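Straight from TrEMBL, the features:
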DOMAIN    34-213  domain 'Thiamine phosphate synthase/TenI'
BINDING   Gln63, Tyr64, Arg65, Glu66, Lys67, Asn94, Thr133, Lys162  4-amino-2-methyl-5-(diphosphooxymethyl)pyrimidine binding site
BINDING   Asp95, Asp114  Mg(2+) binding site
Amino acid sequence: MEKKNCNPKETSSQKASDKNHLTWKNSLLKDIDFYLVTDSGLSKKGTLSDVKESVEAGCKIVQYREKCKSTGEMIDKAAEIKKICSGRAIFLINDRIDVSLAVDADGVHIGQDDMPVETARKILGANKIIGLTVHNVDEAIKAEKSGADYVGLGSIFDTSTKKDAGKGIGPASIREVRNAIKIPVVAIGGINKENCRSVIENGADSLVAISAVVCSDDVKKETREFIDIIREIKGTGSSK
């Protein structure tokens, strides 16, 4: 027997809520510039301090990436990061969908060898953000078709931060991907203030610069300087 809906008002309200959240999600993704990815192994002041300073500087998207802590420790840390990001920045968890669910983060960022985007979407729902790492145009097109909200393209330059990143694909590859898909393109890998202009000029919507920021003595200053460079090239004003 078909089960009938006994509360149409609740269903209508839920649909409206989901639509509003999707609008919020898409709006925020259009505004991202500097993208913070945490690294407790490289950080000088600790993950929470890095997130706080970067968000205060104007960072609008934060990814909590942690490979060396237990699930319980990650959940505790993620809950604290969520408080810092609340109402100010998108908060994503790297790889760990279980941790994202536990703290009700804004979504996840996953890699090519992780859970398929379609499966992650079934678990997380339509109103959560899913980013996918890609290395070329074909992977980017597939990511968009599978329902990813944005792609993380790299490694753009050679990097020591991620051991399995391989040789840099070069900033010109960003333009190829940008021309092939409509969802945002986040560039990552070996990016610093000396080469970041070429990244944005080639069409990246946002960029990640892990060691250039979390290894610094002043995360807020470094974040702000990256944001100002990005916004100058995009013509969207400064972070001040």
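Every residue, even glycine, has its Cβ placed from backbone N, Cα and C.
Shown here: features listed in TrEMBL, placed on the structure.
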residue: Gln63; record: 4-amino-2-methyl-5-(diphosphooxymethyl)pyrimidine binding site; DSSP (3 states): strand
residue: Asn94; record: 4-amino-2-methyl-5-(diphosphooxymethyl)pyrimidine binding site; DSSP (3 states): strand
residue: Asp114; record: Mg(2+) binding site; DSSP (3 states): coil
residue: Thr133; record: 4-amino-2-methyl-5-(diphosphooxymethyl)pyrimidine binding site; DSSP (3 states): strand
Here the Cα-Cα span from Lys67 (4-amino-2-methyl-5-(diphosphooxymethyl)pyrimidine binding site) to Asp95 (Mg(2+) binding site), rounded to a whole number of angstrom, reaches 10
So if I draw a 10 Å sphere around the Cβ of Lys67 (4-amino-2-methyl-5-(diphosphooxymethyl)pyrimidine binding site), how many other Cβ atoms end up inside it?
10
Minimal Cβ count within 10 Å, across the binding-site residues Gln63, Asn94, points to Asn94
Roughly how many Å separate the Cα of Tyr64 (4-amino-2-methyl-5-(diphosphooxymethyl)pyrimidine binding site) from that of Asp114 (Mg(2+) binding site), to the nearest whole number?
16
Between the Cα atoms of Glu66 (4-amino-2-methyl-5-(diphosphooxymethyl)pyrimidine binding site) and Asp95 (Mg(2+) binding site), find the distance and write it as a whole number of Å.
9
Using a Cβ cut-off under 8 Å and a sequence separation of 6 or more, which residues in the same chain sit near Arg65 (4-amino-2-methyl-5-(diphosphooxymethyl)pyrimidine binding site)?
Val37, Thr38, Asp39, Asn94, Asp95, His109
Cβ contacts within 10 Å for Thr133 (4-amino-2-methyl-5-(diphosphooxymethyl)pyrimidine binding site), all chains included, total 23
What whole-number Å value do you get for the CA-CA distance of Asp114 (Mg(2+) binding site) and Thr133 (4-amino-2-methyl-5-(diphosphooxymethyl)pyrimidine binding site)?
10
